[in-house]
Each structure stands twice: as structure tokens, then as C-alpha cells.
Amino acid sequence: MEFDEIIKFVKLKFENNVYLITIPILLLVVTVSFIISSFKKPTTTVTATSSSPPTSSLSNKKNKKKNPSPTLQSTVTTSNTNTTKSNQQKQHIDTPIPSPPPPTTTVNNTESSSPNPISISQQPQLTIQEHKLFFKVFRGGDVIDCIKFSEDGKYLSFCGTERLIRMYLFDSLINSKVPQSFNLQLPFDNATCISWGNKTLYATLNESQKLVSFNILDQKSLQTGKSYEDGFSVNLEIKSRIKSICSSSQSPYILTCSGDDTILKIFNLKGQIIQTINNGQIKNYMAAMTQCGRFFAIASFSSEVKIYECIKKKDGTVNECKRVMSLTGYKTCIYSIDFSKDGLKIITSSKDGSIRLWNLNVNYKLEVDPECTYSITSEIGVIEIISISPDCTLFAGVNQTTNVIGFFNLSNGNLIDSIHLGNNHAKVNSIAWSPDSKYLISGGNDKLLYIWSNPKKL
């Protein structure tokens, strides 16, 4: 009914005094109808479908005649407000809403996509599987600060923010889905550094600032049911955090290296203090020892690396440790150092990104300093952690800022391969070579241990 006809009808009824009650209602209906029709806008319907492949259809009859095919890739029709009602067209979109692209990660400068969706626990594993050197990953418990192997390769041990030291049978980690392990309990404290002796594990504690030892048993004790026995526990009496602890099965002493107070302490295997050395190099970053225990060296804020020798008594115990050599030529601080297994070489990395290999087979008693075999600039940036493989064929370095692990030829310093963990992985705090040089273990703030294959042994 048109608007004029409605008014005419109302007027007629008003003159006859009929339907007076309905007049306000009719006026309200007419007003609302007019407002709705004037503000009416074209609509577009979007429907997400999960079927594959997606199909759609046209609702317009003319289009149906021109396109009789029952399935179309996509159909879009829109209503036009500028044309008459008879020429209006309606549209319907029946294509699936695209899902967001899967997250991408960068491994060794190669961008790869992970399946979607991914859980947080799966993401590190899926990312590292893209790299050819990846072998295995497993959860370590909490943040990992230090990783060490027993010299026979039987145990892989690591410590961090947990109040325990985890001990794994390394063979079971490689060959079994359920690795065998046990824990060394540390009541009310956590270990900052660990090091192996002859079937003995030494650790420095964080809050109590103690040096403790654990005797590792071949079989569980029948009395305690444990695979270890508590050894000695001594106060270190230091003012700063311990950066390194060094020992070996052939060494008659244990070395602790603290950071800000530059104090080195020498203990015998019973935990008795033998000597205290202040190297006076402002700040110590770490210490390293030869496997035989004859030499040890300190990486520090100073641009000089001081090398000390352990002088033994006739009975094999320590008489004293004194400085015998120096590595010079740097202009910046030294972040990391490591000895080769035979003790004839030492490698250093510094703040300026340089790496140097030194020959220690010199007549130092005649004040001849070690010879620099080569000096290179790291291709992965500044290296804060460096470690020579036991077979002395290559070394690994970690750039903690960019989260890159590099593998280099020891003979010439050339980069063999690198692992670009990027922002998808937390900071790497420690690395360790397996005694057979087949694997490199890394761990850090993401609470995971990664096992990488040696690129020369693939």
C-alpha cells in the first residue's frame, strides 16, 4: 500500500469516526517503515567452510543461465544501491577464510616453516630438526649453566638453577628413547659450575659459596640406595660468583676461578686449600686446565692471558703453582680459552671477534713465549664460549648475542658449518664435546639439552 493511499484511508475513517484508536499505531508503522527503507544498505555474506576443495554458487538467475556449471572456484555478487530495485543483484561468497601462515624460523640462514598449529613444547624440537647437524633434544629440567662429561664418556652431567646435579648415562641418551639417569641432591642450594676428577664430581655452590665433592659409585649402595656418596664440603671464602672449576683424573689439585675479585684457589683432592693467587686482571671470565693438570690459564678483562704451571713434589702432590707463560698481542679482553687434549695448543677468543691458536711447545723456561699459529676474524661474530674437540680436528664456538654455534677447522680456522638458532631459542650457556668427538652438547636458558653431530663425522 502506497503512502498516499494510507493517508486517504485514515482520513476516510476519521470522517466516519471509525478506527480512531488505530490512527497513532498506523502513523508509527508508516514512519518506522519509511526510516528502515531509507537507511537500508547492501550486505555481503562471508561463510567459512572447511570442505576441500571449496565450491560456490550464484544466486542470480541470469548468471545461472550463463554459467550452468554446478561448481565454481569463487562467486562474488554485490547489491548496487545506485540502480533500481529491479536491477539489484545479491552476492554470496562461499570461499574458505585463509588461515594465518605458519611461523617461520631461521636455521643456518635458511627460512623454514613449521606445521600449524605447534605447541610451545614442540617448537624448539621442530625448529632444530631442520638442521643437518641436529641429532636429538631432551628436556633438562631448568636453566642449564654448566655441562661436563666424565673422562670415560660414561656420564653426561649438568647443573643450573635446580637444587640438584643431573647425571645421565650418555650411551642411553644416544641409543635409547628412555635414558637412564640419577640426581645428585643439593639441599637448599644450586651448583654454578661442575668438573670431573677420577670417578669424582666437584661442584661449586651458589648461595653457600662452597666447594663440594661426590664420589660416583659403580653400583648403587645397598645401605642408601644411591649411586653416589657425599664427599668433602669446604667454604670458598670468596666475595664473587665462581666462573670456573677445573680438575681431571690426572690432576692432583682442583682449581676454582672467581669473577670480580680475580681470586684463584688451589685445593688438594681432600678439599684442603694449598694456594691462593690474585692474578690482578680486574675481572676473570673463565679458567681452563690441561688434561694432565700441568698447566692452567685464565681468560680475563685484561688483554693478556696468563698461563700457570703446577709444580709437583716427589710424592706427586702439589708444591706450588706459578706463572710461566703469557699470551699477548690482543687489544681487548679475552672471553674464552681452551687447551687441546695433548696440552700442546691453546685457543683464545676475544671481544674484537678474533680467534687465535697458540703453540705451547716452546722452551718457556728460557722465557720463550708461545707462538701464534694463526689469527682470524670469526665469521659468526664475537665468540664468548670456545671448545676444542678431543680429537683436535676442529673447535666449536658460541656467539651468545646472536645465538649462533659455529664449527671450525682447528688447523686453519675455516668455518665448516654453523647453527643459527636466532630468537626462537634462549641463550646458550655451555657446550661440551663427547670424549669420542662425535657429538657436541649445548644447553642454556631454554632448559633443553641439544645433541649436535660433528660435521666431520657425518
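Using the three backbone atoms N, Cα and C, a Cβ is placed for every residue, glycine included.
Under the heading transmembrane segment, TrEMBL lists 18-39.
Annotation comment: TrEMBL describes 44-121 as region 'Disordered'.
Taken from TrEMBL, the feature compositional bias 'Low complexity' covers 44-60 (among others).
Marked as compositional bias 'Low complexity' by TrEMBL: 68-89 (among others).
The compositional bias 'Low complexity' annotation in TrEMBL covers 105-121 (among others).
Annotation source TrEMBL lists repeat 'WD' at 327-368 (among others). Panel annotation: around the repeat 'WD' (327-368), residues 285-286, 288-292, 294-295, 297-305, 307, 374-378, 381-388, 390-392, 395, 397, 408, 410, 413 of the same chain, lying at least six beyond its termini, place a Cβ under 8 Å from a Cβ of the stretch.
For the repeat 'WD' (421-453), the model's average pLDDT works out to 93. The repeat 'WD' annotation in TrEMBL covers 421-453 (among others).
Under 8 Å from some Cβ of the repeat 'WD' (421-453) lie the Cβ atoms of residues 105-107, 123-124, 127-128, 132-149, 151-153, 156, 158, 160, 170, 173-174, 385, 387-391, 393, 396, 398, 400, 402-405, 407, all in the same chain and six or more residues away from its ends.
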